Every structure is written in C-alpha cells, then in structure tokens.
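Over in TrEMBL, the protein carries these features:
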REGION    1-22  region 'Disordered'
TRANSMEM  49-77  transmembrane segment
TRANSMEM  121-143  transmembrane segment
TRANSMEM  163-180  transmembrane segment
TRANSMEM  206-228  transmembrane segment
TRANSMEM  234-253  transmembrane segment
TRANSMEM  355-377  transmembrane segment
TRANSMEM  397-416  transmembrane segment
TRANSMEM  437-458  transmembrane segment
TRANSMEM  478-499  transmembrane segment
TRANSMEM  511-537  transmembrane segment
TRANSMEM  557-576  transmembrane segment
Amino acid sequence: MLGADNKLPMRKEEEEGSEAINEHGDEWTMDGSVDFKSRPARRGKSGGWLAASLVLVNQGLATLAFFGVGVNLVIFLTRVLQQDNAAAANNVSKWTGTVYLFSLIGAFLSDSYWGRYKTCAIFQIIFVVGLVMLSLTSSLFLLKPSGCGDEHTFCEPPSGFKVGLFYLSVYLVALGNGGYQPNIATFGADQFDEQDPREAHSKISFFSYFYLALNLGSLFSNTFLGYFQNNGSWALGFWASAASAMVALLLFLGGTRQYRHFHPSGNPLSRVSQVIVAASRKWDADKPSSSKELHELGSKEFASTGSRKLLHTEGFKFLDRAAIIQAKDEPTLQSHPWHLCTVTQVEELKCVLRLLPIWLCTILYSVVFTQMASLFVEQGAVMKTNIGSFQIPPASMSAFDILSVALFVFLYRRILHPFACRLTGNSSGPTELQRMGVGLVIAIIAMISAGTVEIYRLKHVCKACINEESSMSILWQIPQYMLIGASEVFMYVGQLEFFNSQTPDGLKSFGSALCMTSISFGNYVSSLLVTILMDITKRGGKPGWIPDNLNKGHMDMFYYLLALLTAADLVVYIICAKWYKSIKVEGMEEEGDDEDEIDDIKIGDLKVSVV
C-alpha cells in the first residue's frame, strides 16, 4: 500500500500520458488509499461523491431501521413489558449506552485487523439478524392478545424466557449498530483524498451531510413507524426496520468495487503499551537537547506503512523518553519496540491523552441529548396529544428535532459559516471546538425550555381526564426539540470532524468511536442520575421527581438541574479547549506559540507535504 506522501512510480510512457490523466481527474490518490483489489486507488475510478453517496444512503436506511426500534422503545417497555416509567427510562438509557459502547469494539477491530469495509459489512449482518429475531420474538411471543400494546390495551405479562429472548434480540441490534456506526462515518470520509484541495473540502462537507442523512433516515421512523407502533402495530414497525436494514446491507455490498480502502494499522493497544513500557524503562535517561535526536523512521519507511509522520510536540515530556536512543538500542533499532519507539508512536499516545479532556466534557451534553428518547417522550405522553381527530404519537415529536437538524445544517453551511468567515477574515470559519461550545450553550437553553414547559404542563393537569392528562398541547414541546436539533448540528457534527481530524492515521475509527462512546456514557450517567435523584427525592414518603404519575412529580426540577450541570460543564470545556494543542503532521504549517488558544486552533485543514 502506498503512503500518504508517496505516489506510484511512473514508467516513461505513463509520464508522457500524465497530463491527459490529470485532465480527466484519473490520477492516483496521495493519501495511501487502495481499491478493492488492494491496488493504489485512482480518483477517476474510485471514491469521490459517488461512493460517498452510497454510504450516505446506507446510513439513512440503517438509521431508519435502528430508530424503528429505539424511538418507541420506552413505550414498548411500559405497555408490552409493563415496566414503570423510571425503570423503562433507565432501561432505554442503558440500552442506548450499550449501543455506543459497542462502537469501541467495532473501532478496535477495524483499526487493528479487519479494516473499515469488512467491519461495516460484518456488523450490519449482525444488525439484520437482531432485527429479524426481534420481529419474530415480538409477533410470536410478546404481543398477546393480538393488537395489544396500544394506548388502551396492555399485553399479557410475559414469562422470563420471552423477556430474555426480547433482550437478546435488542442487544444484538445494539451490537450490530454500535459496531457499524463509527466505521461507516470514517469509511465515508475515506472516499476523499484530503491531500487534494477539492476533495479535502468535500471531506469536510461530508460530515454535515452524513449527520443530515442520519437524521433524515430517522424521520420516517419517528413519524410513520412511530404512529403505527403507538397504535399497537409493533410487529409491523419491527419488520419494516428489518427490511430497511437488509436493503442498506445489499446497497453497501453493491458498491464494493467503487470504494477506496485503507489497510488496518495493527493493534493500537500494543503501540500505546510499547510507549508506556519503553518510557518507564528509561525513566532516568538524560533527555537530548533537541527533539531531532529522538528516534524516528525516514519518510520512505513511513510511506510503506501507509500512515503519515507526526511531528514532535511539547507536553507529556515523560513519554518522550520512549524515543531516546541509548547505546544498547542502536544495534537493534527495528527489533525491540518495547525498548525503543518512534516519535510518531509517542505522538499517537499524546494525541489520545489531549483528546480525553475534550471527550469528557462532551459526556454531559449527551445526558441532555438522551432525554429525547426517554423523559421527553414520557412528558409528551401525559399532554394533550390529539389535534381534532388525529392523535400525535409522543415519540414522533422527535421529528421536530430532525427537521431542526436539516434546517440548521442548511443555515450553517449556506449562511452562518460564510458570514463568520467574512466577519473574522478567516476562510476556515469557526473551529470545531468553537462550534462544540455553541452546542453546549444551546443545550442549556433547551433544558430551560423543557423545564418551563413542564411547569406550565403541571398547571394545566386535567383532573377529569383519563390518567389525569394535561390539557396543555404536546405541540408546546416543539421548542425544546428544535433547540436540541440546533445544538446537535454544532456539537455532534463538530465532534465528528474534530475527532476524525485530530486522531492519527491508524486510529481514525477510534476517533469516530469517541463520539459514540460520549453518547454511551451520557446514557449511563443519565440512568445513574435518575436513580440517585429518585432515591433522594422519594425520602419521607414523597413521590420523587420522576414518579409513575408524572403529575405528582417535579420533572421540571430535573431539567433545571441538567441546565445547571451543563453550564458548569461549559466552563470546564472552555478551559480544556484553550489548553488543547492540535495534532502536527509532517509538512503542516507551524501555528506559533498561540496554538493553544481556542481562537487560533486549526482543525480539519491539515497541510501535508508530498516528499
């Protein structure tokens, strides 16, 4: 495989025809990508928007399938499995968290052994199997009597065996979707050569369109499927999800010849461990006066690995000891990686360590985001859901989140970004870190909006209505859903771009997995927070903040608490963003001493020299 800074050698006749090749855009890529036969990739015959479009449609269909299960799962648990509100919300949070936790498994297998294409294919097969199993389990065992599970008819209590089959199937869905998600985003970005100016611009745009495809795919689930499931047609909804996943898999496999690929770079855990062990063994070694004296491979050796050389950076100086060349190392530089590591290997670990504080700050945002699939739905279920004779399924309100994402992707790409570029005089516009900060601010406003709606909902509880429903229309939830959607465009799209651009070549899927695990831990933190708060607020015989009868609780206090916690998180995030230093790839322009300032960070526009 070719390296990032190496082109395929040309014979004389090829050199003579190179102008014609370039004229038609059929030159070799410079990022080390290969085609499906492991030959160096050519722009005119692989990758680009044609391959990326297949990935986008695949993502849309797979998301439709996933949210066909996830969007109404909390309602399924309460009506079919007869769980109480708090238990159902916690189980949804745990399940959603597990989905994204599985992304680490998918990223590890992709970066280490299988590559992104093979990993996506295998986990999509698991995803389809889980959905088919869920459809069969629900229709054959759980939905008894027929037609149960709507707003008025509860199902028969299922046996432990049937519940076990249900959880096995939904966690197979979690495994399949979780392992697939971080790799499909990175695989789509792989279709663009970031060393070509035109394709580099398209690569940045891809992440916005990827997140838009994800949300548009869930729009059908949140509207049509949500409507049928809310009226008891659970089996129909699950089978529709299974069919969508099958079509997505076939479409993905159908584009095999068109894709660009990168070979896996080996086990990243061993590379990280080698740096730690080698640095520990040389804890008392004298550090050289110049970083140029540290061990590093030549450009030609790096070209053979398909990855780019990282430049030495200050910070975490103890790790630099792993690259110090001692007399006992010199005869065997290539044979003892546990004694001597390259500067690039050391910098890989530094990159991960610098990313962790930013990643930790995004977890609390995910706590806010996960409320859409749990408490927002439960809140909507006790509001007035009918408009005339038409009844709005509470879970379908997330369609306004999706519409908001589509709207703000358009507004940002066409209006906000150009305006910011003209205002600041910077052609790259706001950095990913700045956009993520904006996402946190909007999330705070969203929680304040949700808490305010809950206060007024409690004032309009209809005592004469069945289940003491509020006479306040569910449409009053629209602002909180729209605000969450706007915050996603800034936070999650910024996250995808940030972690993809700031991770080394051998850890690209791991970078995308960081976005997914942020959501995972956010769900677990949400579940833990609800459990702790219920234990505290139920003392003295009180119903607690989130009881079975929400009209006797104070869910507004929970929303306001999240707003306060997110505000504190924003302060910590700003400090971490100012401290952060960008990855340095060979050939990238030096940013000077101010590169640690949030306004000066250059992200996603790395310039790599061709050696």
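Each residue, glycine too, has its Cβ placed from N, Cα and C.
When Cβ-Cβ distances under 8 Å to the transmembrane segment (355-377) are tallied for each of 163-180, 397-416, 511-537, 557-576, the top count falls to 511-537.
Long-range Cβ contacts of the transmembrane segment (121-143) within its own chain (Cβ-Cβ under 8 Å, at least 6 residues beyond either end) map to 62, 65-66, 69, 80-81, 106, 114, 149, 155, 158, 162, 165-166, 168-180, 183, 234-235, 238-239, 241-242, 245-246, 248-249, 252-253.
Ranked by Cβ pairs under 8 Å to the transmembrane segment (557-576), the stretches 234-253, 397-416, 437-458, 478-499 are led by 437-458.
Listed as Cβ neighbours of the transmembrane segment (206-228) (distance under 8 Å, sequence separation of 6 or more from its ends, same chain) are residues 52, 55-57, 59-64, 66-68, 71-72, 185, 188-189, 191-192, 236-237, 240-241, 393, 395-396, 398-399, 401-403, 405-406, 409, 412-413, 485, 488-489, 492-493, 496-497, 500. The transmembrane segment (437-458) and the transmembrane segment (397-416) are not in contact, since fewer than 3 Cβ pairs between them lie under 8 Å (pairs 6 or more apart in sequence).
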